[in-house]
Structures are given as structure tokens and as C-alpha cells.
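Since the structure comes first, as C-alpha cells, the remarks are kept for the end.
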Amino acid sequence: MRFLPLLLAGLLLLAPAGPASAQLSGAPAATGAATGAATGAAPGAGSATASGGGQASDGGAAADQGGQSPAELADRQLRTLIDTLQDPQARQQLIDNLQALLKANQQQAEAAKQDHRTFGAEALEAVVGGMSSLSAQLVDAARTLGQLPAELAAGVRSLERPEAQRRFLEVSVTLLAIAIGGLLVEFLVGRLLAAPRRTLDDRPAESWALRLLYLVLRLLLDLVPILAFAATTYGILTLADTTRSTDVVALAFINANVMDRAVRLIGRVLLVPQNRNQRLLPIEDETAHYLYVWLRRLSFVGIYGFMATQMALTLGLEPSAQGLLVNLLALLMAAMLIMFVLQQRKEVAHWLRGQHPRRGALANLRARLSEIWHVLAIIYIAGCWFIFVLNIQGGFSFLARATILTLLIVAGARVAMQLLGEAVERGFRLDEETRQRFPLLQERANRYLPVLRAILFGGIGLLALLLLLEVWGASPFAWLVSDPGRAFVGQVVKIVLVVAGSFVVWELTSSLIESYLRGQPGGRSARTTTLLGLFQNALRIVLAVLVVLVVLSEVGLDIAPLLAGAGVVGLAIGFGAQTLVKDVITGIFMLMENTIAVGDVVEIGGHSGVVEQISIRTAHLRDLEGRVHVIPFSDVTTVTNYGRGFAYALIDMGVAYREDVDEVIAVLKEVAAELRQDEEFKGVIVDDLEVLGLDSFGDSAIVVRVRLKTTPLMQWSVKRAYNKRIKKAFDEKGIEIPFPHQTIYFGVDKDGSAPPLHLVREAAPLAPEAVDDEEGEADGEDLSDRPKRRSRARRRTQDLPDPETDD
């Protein structure tokens with residue numbers, strides 16, 4: 001039943017409206033449709049052709065069917081179908097048309113399947129094809145290995161024939177004559193050029209350009225003997241009357257010799273194993289000799305081995321056996337390269353890591369590469385051998401070209417990075433005059449020098465990566481010029497410009513503020529430093545938020561919900577963090593009014609100390625014991641600043657009641673004048689001693705108040721030094737500084753008499769003053785000229801703590 005639609009379609013295309021005898025007129029059109037479909041034409045075309053024929057027939061009969069009912073028309077078509085099936089020619093034509101339609105549908109489905117193949121399917125198909133080809137190669141190799149002994153035996157037997165012996169003798173004599181003639185001429189030319197060679201080798205080459213010049217001259221001198229050998233051997237071969245097979249063998253020998261000499265010559269120029277002074281590469285002598293030895297081995301095995309296989313093919317070896325020998329030669333070369341890689345595993349790993357390991361993404365990449373580089377090299381060598389053995393069309397040439405270009409790109413990127421780094425260093429180095437005029441400019445330039453170097457090196461690395469991908473067939477530049485690529489590049493450029501612009505705004509603003517700070521007097525520098533720190537923090541936050549929003553917008557994210565969410569969150573935080581808002585607002589006003597600044601000694605919130613740090617919300621104080629107090633500005637009601645403009649060292653000097661106040665004031669002025677002459681305090685005390693007078697009467701002393709005007713925050717040092725000098729001066733003058741004591745009063749009766757006090761006196765040694773008095777009286781010394789001192793023993797009672805003076 002599923003073939004019924006195709007059957008009806010074919011009948012409608014073929015069946016005309018007339019009798020069975022008239023169906024022959026539609027046969028050519030149907031045949032053409034079948035032929036078009038069978039040759040791969042689109043089904044629509046064949047159908048159109050057949051439909052055209054059918055429609056022509058239908059159009060011819062349209063006039064006869066115009067007045068028929070649907071039932072009559074259906075009966076007529078059924079009779080036509082019966083007539084067609086009964087006619088052998090019409091039936092065969094119907095079958096051909098149906099087969100053509102079926103084939104066209106199958107081809108269209110296959111084409112659609114090919115169009116929808118993924119990259120993975122194509123890669124899998126390529127792998128399967130490669131494995132199939134490798135399997136076929138292995139089967140052929142096994143078959144050839146089985147036939148190789150017979151081939152060798154047949155070759156040996158063929159040498160028994162006179163014709164083969166004559167040809168072998170001709171080839172041997174020709175090669176011997178060519179070798180002797182070429183080597184003799186090469187030796188003579190080398191002897192003639194020995195003196196210039198020694199002259200170049202003995203010349204010291206200090207500069208890089210001079211070394212390059214000497215190497216070019218040495219290359220030309222070493223190239224002359226090789227050219228002489230080639231010219232001599234080609235001349236001998238031209239003059240000799242030999243057969244074509246002999247000429248082929250001789251040419252293979254000459255070309256192999258010349259190529260081997262040329263490879264060795266290039267190796268000598270690059271490595272210069274015999275003369276370190278003319279070597280361009282920064283390698284040691286041992287390394288140069290080692291690399292040159294391996295170059296000679298690989299050149300000899302590869303060039304002469306390939307020449308030997310070509311000679312064997314010319315002498316009659318089967319092509320399959322010659323192909324096997326070439327593959328085995330390639331396997332031998334691959335094994336030698338793998339051996340070389342394994343021998344140099346540690347040295348190359350050490351070179352990749354570097355003598356001074358660094359941190360960062362590039363350093364980590366180099367460290368990981370140093371651990372697995374030999375594995376990657378072995379995989380690469382094995383891949384080259386498989387491509388060569390499988391004989392992939394253009395595969396080996398593509399691999400060789402890509403490898404050479406990769407080495408050139410990596411070397412060029414390395415050289416470009418080195419030259420660009422030196423240029424950046426010279427460009428950011430300021431001359432002496434500029435450094436003196438702008439002392440902070442060099443420091444600021446050096447701050448961004450590593451960043452600029454990283455950006456430039458990253459750009460060179462990115463360009464090198466794109467070139468490598470282009471070389472290996474990834475075609476990144478074709479994608480970059482496409483619509484998605486251009487859009488991506490535009491987004492990246494916008495992001496880079498926004499980030500660079502934010503850095504420019506940051507640096508310009510910081511430079512202007514720091515320049516303004518250096519031009520202000522010292523009294524405002526602390527405040528400006530504080531405001532600069534706060535402004536920089538605020539600017540950093542604003543720039544960071546703007547850059548993040550712009551970057552998110554450029555990568556395609558809708559930031560409108562983010563902004564709306566940020567507004568709602570900010571409103572919620574504002575209601576829930578009123579104390580925080582109070583801290584911020586109070587801090588802003590305190591900073592704007594220059595109430596406190598970094599370095600001031602203040603007392604706020606019940607704590608005193610040096611202001612170490614001020615944020616927009618808190619102040620950090622460090623007291624004398626080293627403790628740090630973090631005080632929110634909302635807790636600050638009063639600020640006491642000890643370091644604004646000037647300060648006073650206030651001294652309340654207590655002396656005994658019996659002392660002369662004028663004498664005390666005179667001594668205090670004298671001590672202050674001496675202190676002002678001290679080198680340590682000459683620039684600290686800014687005015688003479690100010691005597692405020694007799695300030696109060698204490699329990700045991702009278703208090704004289706004086707003060708010294710000092711620079712900010714130096715009042716405590718001046719007060720300590722002044723107190724020390726006062727103590728020495730009072731001791732010298734005999735002015736008493738009394739210690740705190742109490743007098744106990746027992747009261748009196750109404751008649752004025754006091755109750756008796758019973759005292760128990762114990763024997764005690766005389767005071768030193770009493771002893772001196774007694775000795776003076778014994779010697780008849782007049783004690784009236786001595787300073788006043790305490791000469792009688794005072795009645796000591798129990799000392800009680802004074803609540804006003806006890807700390």
C-alpha cells in the first residue's frame with residue numbers, strides 16, 4: 001500500500017485523456033523525465049517534465065471532460081489505468097518512471113544527510129579512513145616482508161648474469177671516478193682557502209653585527225669547495241658515456257653528497273662548534289658540539305638512506321619493496337629523533353622553567369610544559385611518521401610547512417617581545433632634569449610599567465596564537481572578518497577602551513590631587529592627605545562599578561534589572577543601617593571642617609591617642625600603650641585636638657608656704673631661658689615663659705602657674721625637660737617642693753583647754769640635718785648664713801590618702 005501514491009503519480013503523469021492508442025504520444029516526455037531523474041537531476045525537474053507532458057495531454061482533453069461529472073471522470077481514469085497496465089510498452093514506461101523517481105528521492109536524502117554531517121562525524125570518518133589505510137599499508141608491508149627474501153635472492157641471482165655484472169661494474173667505476181675527481185678538486189680548493197678561513201677564525205668578534213658578517217664570509221668560503229665538487233662531478237658525468245640507469249645512480253649520489261654537505265654547512269654556521277667567539281646562539285660549546293653531531297647523524301641517515309632506496313629501485317627492485325624500505329628508513333629516523341628528545345629531556349625542561357622561577361599564569365604554563373614537553377614531541381614525531389607512511393595527499397608537506405612556520409612565528413614573537421620590552425624601558429626612563437622637576441613621576445611611571453609590558457606581551461602572544469591557528473588550518477582570521485567575529489572584536493575593543501579610560505581618569509585625578517598636596521603649606525597637608533585617601537577610595541569604587549556595568553552590558557547582559565535591584569537594595573540598606581549612614585555623614589562633615597587628620601593627637605569617644613587612619617565611617621587611634629581604638633563617628637560628641645597651630649606646656653609648680661614667690665618665679669624664668677638656648681628645644685619653644693601667677697593655695701603648698709608656647713605636639717617633651725631642670729634648680733637654691741601631708745586637729749573644750757595626747761617616743765637616730773647642726777654648733781660655726789632647712793624633727797602621724805591627689 002505504501003507504493004500506491006507513487007504508482008498513482010506515475011499514472012497521472014503518463015495517462016492522457018484519450019484512448020489507449022493515443023498514449024504513445026506521451027511516451028517521449030515520460031522517458032525524458034525518467035532519464036533526467038536517473039542521471040541525478042532534481043526530482044522536481046523530472047516531475048515537471050513529465051507533468052508538462054501530462055498537462056499537455058490533459059489540456060488537449062480538457063474540452064472533452066468539461067461537461068463530465070466527478071463520478072464519470074473517475075471511471076474514465078480507471079479505464080485509462082486498466083488500458084495502461086494491459087499495454088506492455090506503457091506498463092514498462094510506468095515502471096521506469098517509478099524507479100527513476102525512487103532513485104532521485106534516495107539521492108536527495110543522501111545529499112541532505114551529507115549536508116547535516118557534524119565536525120565530529122567528519123573527524124570520525126577521517127580517523128576510520130586513516131585506520132583503514134594504515135591496515136592496508138600494514139598488510140602490504142607484511143606481504144612485502146614475506147616476499148623480500150625471494151626478491152633479494154632473485155637480485156643476487158641476477159648478478160650472475162653477464163649483463164647485470166657489466167651494468168654493476170659500469171655503475172661502480174662511474175661512481176668511483178666521480179668521487180675521486182670531485183673530492184680531489186674539493187681538497188685542492190679547500191687548501192687554497194685555508195688561509196682566509198684561519199684568518200676569520202682568529203679574528204675576535206665582539207658585536208653581534210660583526211659576528212654575523214664573519215659568519216656570512218665563512219659561509220661563502222665553505223660553500224666554494226662544495227660548488228667545486230658539484231661542478232666537477234657533474235662535468236665528469238656529462239663527459240662519461242654511460243647508460244641511463246648509470247646516470248640516474250650517479251646523479252643520486254652527487255645530489256645526496258651535495259645535500260649532506262649543505263646541511264652540515266648550515267649547521268656549522270648556526271652552531272659554530274669550532275669557534276665560540278663567532279657563535280650567534282647563546283649556547284655552550286658542549287651543547288653546540290652535541291647538536292652538530294646529531295645533525296650530521298640525521299643528515300647522513302636520511303639523505304644517503306633515501307638515495308640508496310632510489311638506487312635500488314633503479315636497479316630493478318620492486319616498487320612495493322622500495323616503498324617498504326622507505327617506510328623503514330622513516331621509522332629509523334623517527335626512532336633517532338625520539339632518542340634525541342629523551343636525551344635532552346632534563347636540559348630542555350630546565351630551560352623552559354628558567355633559571356629564576358617566577359609566579360604567574362605564564363610561569364605556571366612554562367612549568368607544566370617543562371614536565372610534558374617530551375611527550376608532546378614524541379607524539380608529534382609519531383604523527384609525522386604516520387602521515388608519511390599513510391601517504392596522505394599533501395599531509396606531509398602541510399605538516400612540514402606548518403612546523404617551519406610555527407618555529408618562525410615563535411622565534412619572531414620572542415624577538416618582538418625582547419625588542420618591545422627594551423623600547424618600553426627606554427621610553428619610560430626619564431632624564432635627570434625631569435626627575436628633579438617631578439620627583440614622583442618616575443615612581444608613577446614605573447608602577448604601570450609591568451602592566452604595560454604585560455599588555456604588550458599579551459598582544460604579541462595573542463597575535464602569534466592567531467597566526468599559529470591560521471598556519472594549522474583553523475582559519476581564525478576568516479572568522480574575525482565575519483559578522484560574529486566583527487561583533488566580538490567590537491565588544492572587546494569597547495571593553496578595553498572603557499578599562500583604559502578608567503585607568504586614565506584614575507591616574508589624572510590622583511596626579512592632580514598629589515600635585516595640589518605638594519603645593520600646600522604643612523598645616524593643611526595632613527587634612528589633604530586624609531581627603532585624598534577618602535576621595536581615592538570613593539573614586540576607585542565608582543570606577544569599578546561603572547566598569548563592571550559597562551562590561552556586563554557589552555557581553556550581552558541586561559543591566560536594567562541589576563540597577564533596579566541595586567536601587568531596592570540600597571533603599572533597604574538605608575532604612576536598616578541608619579547608624580552607618582550617621583557615621584558616614586558625621587565623618588564627611590568632620591573631614592570637611594578639618595576637625596581631625598591623620599597624625600593628630602586627639603581625644604574622642606573617651607579615648608586619646610594618635611590618629612593612624614581615617615575612613616569615611618571610623619577613626620583609628622593608637623594610645624601610649626600601643627592599643628588601637630576604632631571609634632565610629634556616630635559616637636563622637638566632642639573632639640579634643642592637641643595638635644592644631646600651637647600648644648602650651650602648662651606647669652603648676654607647688655612650693656612650700658615659707659618660700660618667697662618672687663624668688664620662685666625668678667628661678668622659673670631663669671630655667672625657661674636656659675631651656676630655650678638648648679639646641680634640642682631652640683626651634684620648639686616659640687615664645688618666652690608666660691607667668692600666670694600664684695594660682696592656688698594647696699593643703700601643703702602654694703601653686704605657681706606658668707606656661708611655655710611650643711609647636712604642635714611638642715608640649716609634652718618641653719614640659720618633661722622643664723620639670724627636670726626645675727628640680728635641679730630648686731635643689732640648688734634650697735627651695736622646698738613639699739610632699740603631701742596632713743595635720744590632725746583634736747579640738748578644744750569650752751574652757752579652751754585641749755585634751756591630753758599620750759605619745760610614746762622610741763629612740764631613733766638623728767636626722768642628717770640635726771647632726772650637721774650639732775657639729776656646726778660644736779665648731780662655733782655661724783648657722784645664720786646657711787640655707788634654710790628643716791632642723792627639728794617633725795611629729796609624724798599616720799599618713800592618710802588624699803582623695804584629691806591620690807591617682
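Each residue's number is its place along the chain shown, starting with 1.
Glycine too: its Cβ is placed from the backbone N, Cα and C atoms.
Remember, predicted model here, so these are calculated numbers, not experimental data.
Here is what TrEMBL records for this protein:
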type     : residues : note
COMPBIAS : 33-50    : compositional bias 'Low complexity'
COMPBIAS : 58-71    : compositional bias 'Low complexity'
DOMAIN   : 537-578  : domain 'Mechanosensitive ion channel transmembrane helices 2/3'
DOMAIN   : 579-643  : domain 'Mechanosensitive ion channel MscS'
REGION   : 33-71    : region 'Disordered'
REGION   : 760-807  : region 'Disordered'
SIGNAL   : 1-22     : signal peptide
TRANSMEM : 171-194  : transmembrane segment
TRANSMEM : 215-237  : transmembrane segment
TRANSMEM : 298-317  : transmembrane segment
TRANSMEM : 323-342  : transmembrane segment
TRANSMEM : 372-392  : transmembrane segment
TRANSMEM : 398-420  : transmembrane segment
TRANSMEM : 451-472  : transmembrane segment
TRANSMEM : 492-513  : transmembrane segment
TRANSMEM : 534-553  : transmembrane segment
TRANSMEM : 559-581  : transmembrane segment
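Looking just at the domain 'Mechanosensitive ion channel MscS' (579-643), the mean pLDDT is 84. Between the transmembrane segment (398-420) and the stretches 372-392, 451-472, 534-553, the greatest number of Cβ pairs separated by less than 8 Å involves 451-472. Taking H, G and I as helix, E and B as strand and the rest as coil, DSSP gives the domain 'Mechanosensitive ion channel MscS' (579-643) the counts 17 helix, 25 strand, 23 coil. Through the fold, the transmembrane segment (215-237) approaches residues 174, 177-179, 181-186, 189-190, 193, 196-197, 200-201, 247, 250-251, 254, 257-258, 261-262, 265, 268-269, 272, 278, 280 of its own chain, all at least 6 residues removed from its boundaries and within a Cβ separation under 8 Å. Contact count against the transmembrane segment (492-513) (Cβ pairs under 8 Å) is highest for 534-553, out of 171-194, 372-392, 451-472, 534-553. Taking Cβ pairs closer than 8 Å, the transmembrane segment (534-553) reaches residues 494-495, 498-499, 502, 505-506, 509-510, 513, 559, 562-563, 591, 614-616 in its own chain, all 6 or more past its ends. Per DSSP, the secondary structure of the domain 'Mechanosensitive ion channel transmembrane helices 2/3' (537-578) breaks down as 36 helix, 0 strand, 6 coil.
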